């Protein structure tokens, strides 16, 4: 019975010795023990409060620093986005100005294609111009097809209309002058070795397709269209605009020379319209899509291959080889079939 209390008192004594805050009642009562206890508790509490306050202050400072860093990063990203958007707008504005200038220039230099000589009579004008409606034989079906494609693939009709006018007054207007300049240069360099049926046809195939492709690319950039179907549609309309203007110029050139040639020329142009410039420009537009928006070298090589295919096809069509019905048919299928296949592809798949 006596051993247990002594053990508890010994444990209590050791506890109070090691930790002054826990004093025995005797020590608390002796020599101002209450003051000593209060001082210890007060000091310990004050120290804890100071440490806690310092920790809170450090946490607040760290949080504020992180917020400032986040705000700075967000602000820098916003500034970078604003600068990038400003650059895009400047580039698009520049492209729009170039497009308008080229269109205006084409209208000015294209005027002579529809006028005869000074001695041309009103009757001759009427005889030549009366053959123009024959071109509706392919213009109307083309418009119906484009209307169907617009409803099926959600293409913008205004974009296609703009593309048609640009095709008529930009590449078509420039092509005639550039073809003549190329023929003069090559005939001067090659002399009697120059052949317009072969050398001239090669230059025509390259120059005209590059002009149409450049116009298509400029329009796609200005209009902000990125899907494969938009590339095809705008390319087709640039090509049909080019084709209409070229047909009119052929009719007027031959008709004002001899009015009896106007009607046969118009029929010849209509008969050759099925696989002509609208198909050329559509295939090169698909090639441009693969180059600009395709992933990997395979797509780019295929895009360049399509553009080269059109240039070679155009060149061969302008040579005497196209007088063969078989070769003419093969050349037509070679450019029309890819257009049909591209429209059958789901989404923006072009391979």
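Cβ atoms here come from the backbone N, Cα and C positions, even for glycine.
What TrEMBL says about a protein is an automatic prediction, not a curated fact.
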Transmembrane segment per TrEMBL: which of the ranges 76-92, 93-109, 110-126 is that?
93-109
From the ranges 198-224, 225-251, grab the one TrEMBL calls transmembrane segment.
198-224
Which range is it, out of 271-291, 292-312, that shows up in TrEMBL as transmembrane segment?
271-291
Quick test of the contact rule: Cβ under 8 Å, at least six residues beyond the ends. What residues does that give for the transmembrane segment (198-224)?
92, 95-96, 98-99, 102, 156, 159, 162-163, 166-167, 170-171, 174-175, 178-179, 182-183, 186, 190, 230-231, 234-235, 238-239, 242, 277, 280-281, 284-285, 288, 292, 307, 310-315, 318-319
Can you see whether the transmembrane segment (158-178) and the transmembrane segment (325-343) are touching - at least 3 CB pairs under 8 angstroms, only pairs 6 or more apart in sequence?
no
Give residue numbers and ranges for long-range contacts of the transmembrane segment (271-291): same chain, 6 or more residues beyond its ends, CB-CB under 8 A.
137-138, 142, 167, 208-209, 212-213, 216-217, 220, 228, 231-232, 234-240, 242-243, 246-247, 299-300, 302-307, 309-310, 313-314, 331-333, 335-336, 338-339, 342, 350-351
